[in-house]
Amino acid sequence: MIRVTNLGLAIDGKTILHDISARIPPQGLTAVIGPNGAGKSSLLYCLSGLTRPTSGQVSIDGADITAARTTDRARMLALLPQVTPALPRLTVADLVAFGRWPHHRGRPNDTDRRIVAQAIRDLDLDDLLDRRLDTLSGGQRQRAFIAMNHAQSTPWMLLDEPLSALDPRYASDIMARLVELSRPGTGRAIVVVMHDLAMAVRHADWVICLKAGRLFRSGPPSETLTGAGLSALFDTPIHVEHLRGRPVVIID
Amino acid sequence: MADRSLLILAAACAGAAAVYVAWGLQGPYGFILSLRATRLAALAIVGASVGAATVIFQTITANRLLTPGIVGFDSLFVLIQTLLVLGLGGMGYAALPAFPKFLVEILCLCAVAVALFASVLRAGSSDMTRLVLTGVILGVLMRGLTGFVQRLLDPTEFALAQAATFASFNSIDPVQVAFAAPILILALLLAWRLSPVLDVALLGRDGARSLGVDHERLTMAALAVVAMLVATSTAVAGPVTFLGLLAASLAAAALPHWRHAVLIPGAALTGALILIVGQFLFERLLGLQSTLPAIVESLGGLVFLVMVLKRRTA
C-alpha cells in the first residue's frame, strides 16, 4: 500500500501540492485524474521518490520513499515519464533490457535475459524485437516502454499520461495491457495519471481526484466517478450513464 | 558488427600513422623519426581525448550540439594556467616541476569544471536552446576572462601564457606528451567503466533516475573525466573547439551502434584519424600553406552550423 500523509510540494515558492493525504491499494489500477495543472504529475513524481516533497511523507509498503536508497527504490517502483527521449538508434530489445538495470547494474545474467524475453512476449513485441524505436508507431513505442517497466519487475508501476497522443485503438490497447499487468495475483499495482475519463470509468479500481493542488476526493470508482463528483471536479456538467451495463461518461 | 567497424577504424589510424611517419623519410633517420613520432603522439592524444570527451559530454547534457570546447572547458584550462602565471610570476611558473604542475592544473580544472558546469547544466537541462546558448556564452566568458588576465601580465609572462592559448602542432614538447599519455589512458579507462551507466543516461534524467541511477553523481563523475581529457589535449596542443563535434558526429555516422563502450573508443579513434590525416596532408602534400587547427576548426564549425540548421527545420 502507498500511504501519503500531509504531502505538500512547493517549487520556487509556488505551492503545487497542498496537504494531501491518501492511500493507494496494493493491487489493481489506480487512476489519478483532475483538471490541467491540478498537480497530478507532481503527485506521481512525489510517489516515485524522484521529487522530494516539501512537507509530509510518502510511505510505500511501510518504507519511507525519500529515505530509500536509489537502487532499492528502483526495485520497488518503475516510472514511465510523460515525455520519453527519441533514442533513434535503440531497438525494442535494447530498450526493454534497460529495465533490468536496477537488478544487475551493468552485468546482466541469464535470469535478467529470461525476464526481458518474457516481458517482450507479455507485451506482444516479438515481431518488433529488432525494430529501431524511431520506426515504431506511437502505440508500439509506448508498448515498448511499458515492457521496459514490466521487466523492471517492481511491485509498483507509475505511468505519467501514457495515453496522451494515442488514438482510441492504441489507447484502449495500452489500457487493456495495464489492466492485465495489474490483475490480482500478479503482485503489482499500477498508478496512471490520465485525462481520458471514459477509460478511467471503464478500467480504474481506485481513483484519486486532484483539484488545484489539493485532494478533491479518493476512493473506488463507484464513489468518485459519479456525475456530481466529476462535474464538481472539472467545473463542467458531466453525466455518468449506464449503457449495456457499462458506465459511460457524457460531457455536456 | 560494431567490433569490426572499430577494428577497421583502428586499422585506418595505424595505417595513417605509418604513412605519416614513413612518407619521404631521409636521413638523419633518428632525428626525423623522433620528431615525427612526437608529433604523431601529440596528434593521436589530442584527437582521442577530444573525441572521447565530446561523446561523454553530449550524453550527460543530452545534447548532440555541445562539445566541451564550445562551453569553454579548454578556455577554462587556459584561464587556470594564466592565473597560475599571474599568481606565481613568470619565473615562479617556469620553475615549477613540470609533472606536479600538470597534475595540479588537471585537478583544478576538474574541481572548477564540476562545480561550475554541474550547476549551470542542471539548471538549463530542460531547455535545449537555453542550454546551448548558456554553454556558448560560458565559453565566450572563459575566453574573455583569459584575455583580461593576460593583459595584466608583463610581456615575458604574457609570452609564456600565450603559448597555451593557440592550438598548434608545430611546437610540441615531448615532455608534455609523456605526461599526457598516461593521463589519457587513465581517463579512457574511467570512461570505459562509466560507459554502461552512460548508456542508461540516454533515457534522460528522469528515465535514468527511475532505473536507480544516481544522476547527480554520474554527472559529476562524467564531468571529471571530461575535464581530465580536455586538460590533456589542451596541455599538449592548446584549445580546439569544434574538432570534438566533427569526431563525435563522424563516429556516430560511421558506427552502427549506440553503446558508449563502442562510441567512446570510436570517437577517440575518429578524432585521432582526422588529425593525423589532416596533418599529413598539410605537412607533406600542401606544403604547410595553412595550419591544421584552422582547417579542422572550420570544418567542425561547418558541421555545427549544419546540425543547428537541420534541427531548426526538423
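Yeah, the Cβs are placed from backbone N, Cα and C, and that goes for glycine too.
Outside the transmembrane segment (B:40-61), and at least 6 residues removed from its termini, the chain residues within Cβ reach (under 8 Å) are 13, 17, 20-21, 67-69, 73, 121, 125, 131, 135, 169, 172, 177, 180-181, 184, 187-188, 191, 194, 198, 201-202, 218-219, 222-223, 225-226, 229-230, 232-233, 236-237, 240, 243-245, 247-248, 251, 260, 263-265, 267-276, 279. Annotated transmembrane segment per TrEMBL: B:40-61 (among others), in sequence order.
According to TrEMBL, the feature transmembrane segment maps to B:73-96 (among others). If you look at the transmembrane segment (B:73-96), the same-chain residues 6 or more away from its ends with a CB under 8 A from one of its CBs are 53, 105, 108-109, 112-113, 116-117, 139, 142-143, 145-146, 149-150, 152-154, 156-157, 160-161, 164-165, 226-227, 230-231, 233-235, 238-241.
Marked as transmembrane segment by TrEMBL: B:102-124 (among others).
The transmembrane segment annotation in TrEMBL covers B:131-149 (among others). The list of residues near the transmembrane segment (B:131-149) in space but at least 6 beyond its ends in sequence, with Cβ under 8 angstroms from a Cβ of it, reads 61, 63, 65-66, 69-72, 75-76, 78-79, 82-83, 86, 116-117, 120-121, 124-125, 161, 165, 241.
Non-local neighbours of the transmembrane segment (B:175-194) in the same chain are 38, 41-42, 45, 48-49, 52, 56, 98-99, 102, 106, 218, 221-222, 225, 228-229, 231-233, 235-236, 260-261, 264-265, 268; each lies 6+ residues outside the stretch with a CB under 8 Å from one of its CB atoms. Annotated transmembrane segment per TrEMBL: B:175-194 (among others), in sequence order.
The transmembrane segment annotation in TrEMBL covers B:262-282 (among others).
Feature annotation from TrEMBL assigns transmembrane segment to B:288-309 (among others). If one looks beyond the transmembrane segment (B:288-309) by at least 6 residues along the same chain, the residues whose Cβ comes under 8 Å of a Cβ in the stretch are 64-65, 70, 166-170, 237-238, 240-246, 249, 274-275, 278-279, 282.
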